[in-house]
Amino acid sequence: MKINKQDIIKKEDFLWEIPQTFRPQMLVPARVIASETLLDAIMEDRSLVQLVNVASLPGLIGASLVMPDVHEGYGFPIGGVAATLYPNGAISPGGIGYDINCGVRLLTSQQNAEEIKFKLEELSKEMYAQIPSGMGKGGQINLNPKEMDEVLTKGAEWAVDNGYADKEDLAYMESNGRLDNADPAMVSEMAKKRGSDQLGTIGSGNHFVEVDYVDEIYDPIAAEAYGLSKGQVVVLIHTGSRGLGHQVATDYIREIMAAMPNYGIKVPDRELACVPFNSQEGENYFKAMCAAANFAWCNREIISWEVRKAWKNVFGADVDPLKLMYDVAHNIAKIETHQVDGEKLKVLVHRKGATRAFGPGFEDLPKEYKHIGQPVIIPGSMGTSSYILAGANRSEKISFGSCCHGAGRKLSRTAAKKQVNAPVLKEKLKEIGIYVQAGSFKGIAEEAPIAYKDVDEVVETIQNSGIAKKVAKLRPMAVVKG
DNA sequence: ATGTGC
């Protein structure tokens, strides 16, 4: 299948549509949120073919959607949103991704960039020492089976109960860092074993811990509500459920592929394997996915503990504590209520490389954010800007309350490695005041800024589409990578 | 993304 420009209709500025009539198996139209230039870039890979494939999944409603940072992924595009009818529509592990509850959080300090500049190199080294990173790497905490089950059930709350964090953090996390449908019994022993020493570790690839400063404020009222001010030093943490979530995805993709024929489901790409949510396999996967999501929230909480420890070691025990601004998941499926064609429906929203972005009035928000909308955290690539946005009510109308999740990959990892001289890049970043601490030059090359789309353009497109609005821009000062 | 691959 090939998709050409003439197959795409401009619905409005920044919203494009491949109509349902494009392919007989489509149940709904496929939509793209993008500027014209980004749309051209999106057409370079298989993202739109995958988007059209998603539009044929059983129970899919409204439209299959992609964000301006989209690129191709396993079956589903990364940067995609798919809502299926609950409880008899499809659930598909490929629509969530291998790194279940990969996500981002932002910690805010009371210090400004000028004040900490002279300690930056020391800080980046101390953070690198405190935060285990890299492929297959374990950390300090070894969970016994009972503790593992508690983590899978309680999520970030486990970190609070065990002295790694204060209770206040929980209010500042999507779903309070805990999904109630989790069932540890649905997670394989292999997955538990792989995760047993991985709490508090970032892993590799695009995962990182980064010290940034607030470079620009676009919306002073929202910024004040979120506790952001110009020049302020903040910390971005990007990671997920590590080997545990990966194993859950592996286990259930296999099981669901085998079970699919029993439900008479045929999909255009085997990587879209799915079953009805209310089938045995579907329910088991959902319970395991929720457990893996809880593991990821606990992981980001323990990493925050490590960052806070490094902070005290460098700035002294009585430095003002780092506060959690917010924590968002961007690889997850959630049961939500949405208005579709004038009808209120319960749906399972698959967000794969997409962030929840409900607007003002949304219930699951701390009270000081409720009139602003949900914070959306958009990390850029290494050495470029990141953004804090606020979800807008328009997202509830056109994107099932979702927004983009990053800059979006432009080059494959292999292509990036060919083009980038990592030691030179590391030096160049240091010259412009960004300290990179990485376990491997391979990781630096794969994550080089040229491997990514222009985050400024992606965020501008989001703002113009109306699904979220810009609150602040962040600039990096120090990066810890795997 | 991932103890990097049927």
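Glycine is no exception: its Cβ is also placed from the backbone N, Cα and C atoms.
Predicted automatically and left uncurated, TrEMBL annotations should be read as such.
Pulled from TrEMBL:
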type     : residues                                                       : note
ACT_SITE : A:His405                                                       : active site, GMP-histidine intermediate
BINDING  : A:Asp99, A:His207                                              : Mn(2+) 1 binding site
BINDING  : A:206-210, A:330-331, A:379-382, A:Ser386, A:405-408, A:Lys481 : GMP binding site
BINDING  : A:His238, A:His330                                             : Mn(2+) 2 binding site
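In this structure, A:Asn206 is the one among the binding-site residues A:Asn206, A:Asn331 with the smallest number of other Cβ atoms inside 10 Å of its Cβ. DSSP classifies A:Asn331 (GMP binding site) as strand under the three-state reduction.
With a 10 A radius on its CB, A:His207 (Mn(2+) 1 binding site) counts 24 other CB atoms from all the protein chains. A:His238 (Mn(2+) 2 binding site) falls within a strand segment according to DSSP. A:His330 (Mn(2+) 2 binding site) has A:His405 nearby among the recorded positions A:Asn206, A:His207, A:His405, A:Gly408, counting only those with a Cα within 10 angstroms of its own Cα. Summary: among the recorded positions (A:His238, A:His330, A:His405), the fewest other C-beta atoms within 10 A of the C-beta are counted at A:His238. Within the set of recorded positions A:Asn206, A:His238, A:Asn331, A:Ser381, A:His405, the entry lying nearest in space to A:Asp99 (Mn(2+) 1 binding site) is A:Asn331 (CA atoms). The Cβ neighbour count for A:Val209 (GMP binding site), using a 10 Å radius over every protein chain in view, is 28. Rounded to a whole number, the distance between the Cα atoms of A:His238 (Mn(2+) 2 binding site) and A:Asn206 (GMP binding site) is 8 Å.
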